[in-house]
């Protein structure tokens, strides 16, 4: 009798651990699926928001014109790019009275009454991109329009529509962050913005 009880107990114990193991595997699969869905949602939002077009260097093609360079996707204004002096002079002359807003050919640099701004590197590179940014800092930046979401941080400059993007839900902003973190990191040090006063001195 005791032997039967021991066997029954052992069988129940085995079944218990099998059940727990199966449940854990299912939970892990659901978590992985949820993360995959979040990244896919983020990619969708970034794509329909045309973030790719401003934040990515371009390639010139004979039939399609400028297209996004997929090898440098969302890596921002190229650090090796040189804006022509003529354009800089025009920028500083025409924009000082808020008459014009101008942009570079690849649409990664913009000049206006605020000065010159360059699109940021949004890849997860830890030194030149957002690899060191926390999810909280990323969301706070887009909610407040302040760099890194810091109270005393510099303003996020035009034409970045942070005030509209900041109206997205927390879940959507988290999805965008998750997608950006899933990209291959690209080391590209985007130049610092040029103030309107500094721009006036350009010749």
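Placement of Cβ uses the backbone N, Cα and C atoms for every residue, glycine included.
For 1-20, the entry in TrEMBL reads signal peptide.
As annotated by TrEMBL, domain 'Cytochrome c' applies to 37-184.
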Of the residues in the domain 'Cytochrome c' (37-184), how many are helix, strand and coil by DSSP?
60 helix, 20 strand, 68 coil
Can you work out the mean pLDDT of the predicted model over the domain 'Cytochrome c' (37-184)?
90
